[in-house]
Every structure is written in C-alpha cells, then in structure tokens.
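Down below is the structure, laid out as structure tokens.
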Amino acid sequence: MLLRGMVGIGEASYSTIAPTIIADLFVGTKRSMIICIFYIFIPVGSGLGYITGAGVASLTGDWRWALRITPILGVVGLFLLVFLCPNPPRGAAETHGEGVSEQSSYLEDVKYLLKNKTYLWSTLGVTATAFLSGALAFWMPTFLSRAQVSQGLRPACVEEPCDSTDSYIFGAVTVLTGILGGILGSGLSRWLREKFPKSDPLICSSGLLGAAPCLFITIFVASTSIPATYVFIFFGEILISLNWAVMADILLYVVIPTRRSTAEALQISVGHLLGDAGSPFLVGAISDALSKSKPVSPEWSFHSLKYSLLVCPVVGILGGLFFFLSSLYIIGDRKAAAQLVEGPREPQDPSSEPPIELSNGDKTNHEDNLSQSI
C-alpha cells in the first residue's frame, strides 16, 4: 500500500502539471492536436499494461514480475522530463512568449474555480468518464472470464496462473479504441468548434450518452455470445475515448493560465476519488452483497457481477447530462478567461486622434493641401 501510494503521488503530480505545460507551449487547434496525442496514451498505456502484465506473468509464473517492469519505464520517463521537457512561462502561448505574471493564493484560485460553471459541470463529467474507465478496466476481464465459465466454454480457475486470454484481448481493444476515439473526438472538436462554440461539451455528452446503451447491451449479451460482447465493448470504449482530449482542452481554455494547475489538481482529485478509484470498489461491493443472497456457484458469481455492472450505464447517462449542462455556460466562461489573459486595453491618447470637426478655414487649407499632395 505504501509503494502504491508513492506511485500515486508521482502519477498525480505528472497528470496535474503536464497538460498545463502543453497549454503554455501551444494554442488553438495546434494545442487541441497535441492534447489529443497526449491523452490518447492514457488508454494506450492502460491497454499495453494488460498485455505486458499478462505476458510477463505468464512467462514467469508470478504476477509480481509484471510490477517490476514499471520502474524501468519510469526511469526512461524521468530522463526525458529532466533533459528534454521545456518549462515555459505560464500563459506563454496566449501572450506571445511574455507569460502571465499575476499571482494569487490557493484559496483565491479555489474561489475563482467555484464560480466557473463550465469547470464545475465538466469536472463532474470527467468524474463520470473516469468512473466508467476505472470500473471497466478493473472488472471487465474478470466479467468476460466468468461469462465463459458460465457458458461452459472454459473451466473455472482454481489455481494461479489463470487463463490470461481475456486480458490480452481486452488490452488490445483498449489500445485500439483509445487511439481511434482520441483521434475522432479531437477531429470533431477542431472541425466543429469554429462553427458551433458549444460543440466540445456536446461531443463529450454525446460520447457518454452513446456509450451507455453499448455498455448495457455488453452486460446482458455476455450471457450468450462472447464475440458480440467484444463488439459492443469496442463501440462503448470508442465513445468513452472521444472525451479524453476534448474535456482536457475545455479546462485549458475556460481557466486562466496561472490557475490551470490548481484546476487540474482539483479535477484529477475529484475524478480519481469519486471516479476510477471508487468505481471498482463500488461495483465489487455490490457484487459481493448480491452473491451472498444465494449459494456460491460459478453461474451466480457471473450474474452477481453482471447486475453490479449496471451502475456503469447509469453513470454514463449522468455524465452526459453533466457535459450538456456545461455547454450552457462555456461561451461566456471562455470569453471571460480570454479577456483576463489579454488584460484591459489601454485607452488611446486623445491628442493622437484627428479632430472630429474642422472650421471652414481649416477645411479649405486641408483641401488645398490634399489637392497639392494628389
């Protein structure tokens, strides 16, 4: 638990600061593209984790060796951050390299964010997205394995190591859907944003609302057809992955540069606590409670988990509603953030402006001079 907590500190610090560095380096559609590339690697890394973990555990016969690969990758990441990652001034991209020097306390930042309705509603939407991602990542391979045992397609696992086929397939699906969903979501955002300023939260809303029926069908079709289950998992995860880059971009342009790190930190904290950290526990707790209502059997073990996973479509619908509500405020909040970055315009010196009216004599002289010039 201590080591896991230390990993979490590093992850949380990186996840909080990295998007703000990207925001300070790029602006507009280029920022959206870079954010897309950055966030694509969340599901890609997650999927590769399934594949690598299952492969290492299978080769060594011990799941602990899968965790011993992670520090090697961490050293590579540390080297890249120390020697290659720039540290631009806050708001450098929006101010042509000058940066924003305004300083504020943490309490002032929190008060500012609590007044930003787009940020509040989109944070709840991010939490719903994280809830779905966490629950599916933690329970879906187990659910698929129990479904096949329930159908008599494979025997129940009573001794480690168990069949890791589902982890391989689910990992590959997660990688592919993460790439496709991220590219599709970011592409739609860049294409629609100029025509429809509210398009970004509506894309996220559509993604979660569309994922809800896919997850519902996935849960119930697993009783009869594993291939069909993977088809609906594929479409459900694509729709969820539409959100990753877009919802990050929303935060970056409705919050001023000097408060983005605080905004990222609070959003990630809420998203993890109520989202991908809490959802596996909640689904497992519901499944355990249901399993106690009948004698233990592979069949009921599968069905108790199936019924507990029904919380996912419900959360998907709520998340879609949260993003829709954020679309009602996004235009005003984005303009407000842009105005704070640009600052008040300096009034022109009245002496530098031409006179509004000319006397008749002046007008005559002015016309003569103009004629000579022509």
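Using the three backbone atoms N, Cα and C, a Cβ is placed for every residue, glycine included.
Those TrEMBL annotations? Automatic predictions, nothing curated.
Keep in mind that what you see is a predicted model, and the values were worked out from it rather than measured.
Lifted from TrEMBL, the feature list:
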| type | residues | note |
| --- | --- | --- |
| COMPBIAS | 363-374 | compositional bias 'Basic and acidic residues' |
| DOMAIN | 1-331 | domain 'Major facilitator superfamily (MFS) profile' |
| REGION | 341-374 | region 'Disordered' |
| TRANSMEM | 6-27 | transmembrane segment |
| TRANSMEM | 34-59 | transmembrane segment |
| TRANSMEM | 65-85 | transmembrane segment |
| TRANSMEM | 119-140 | transmembrane segment |
| TRANSMEM | 168-189 | transmembrane segment |
| TRANSMEM | 201-222 | transmembrane segment |
| TRANSMEM | 228-256 | transmembrane segment |
| TRANSMEM | 268-287 | transmembrane segment |
| TRANSMEM | 307-331 | transmembrane segment |
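When Cβ-Cβ distances below 8 Å are used as the criterion, the transmembrane segment (119-140) is approached by residues 43, 46, 113, 170, 174, 201, 204-205, 208, 211, 215, 233, 237, 240, 243-244, 247, 250-251, 254-255, 263, 266-267, 270-272, 274-280, 282-284, 305, 309, 311-312, 315-316, 318-320, 322-323, 325-326, 329, 333 of the same chain, each at least six residues removed from its ends. Scored on C-beta pairs under 8 angstroms, the neighbour of the transmembrane segment (307-331) with the top count among 65-85, 168-189, 201-222, 228-256 is 201-222. When the stretches 6-27, 65-85, 168-189, 201-222, 268-287 are ranked by Cβ pairs under 8 Å to the transmembrane segment (228-256), first place goes to 168-189. Here the transmembrane segment (268-287) sits against the transmembrane segment (6-27); at least 3 CB pairs are under 8 Å, leaving out pairs fewer than 6 apart in sequence. Sequence-distant contacts of the transmembrane segment (6-27), counting only residues of its own chain at least 6 positions beyond either end whose CB sits under 8 Å from a CB of the stretch, comprise 34-35, 38, 70, 74, 85-94, 99, 248, 251-252, 257, 260-261, 264-265, 268-269, 272.
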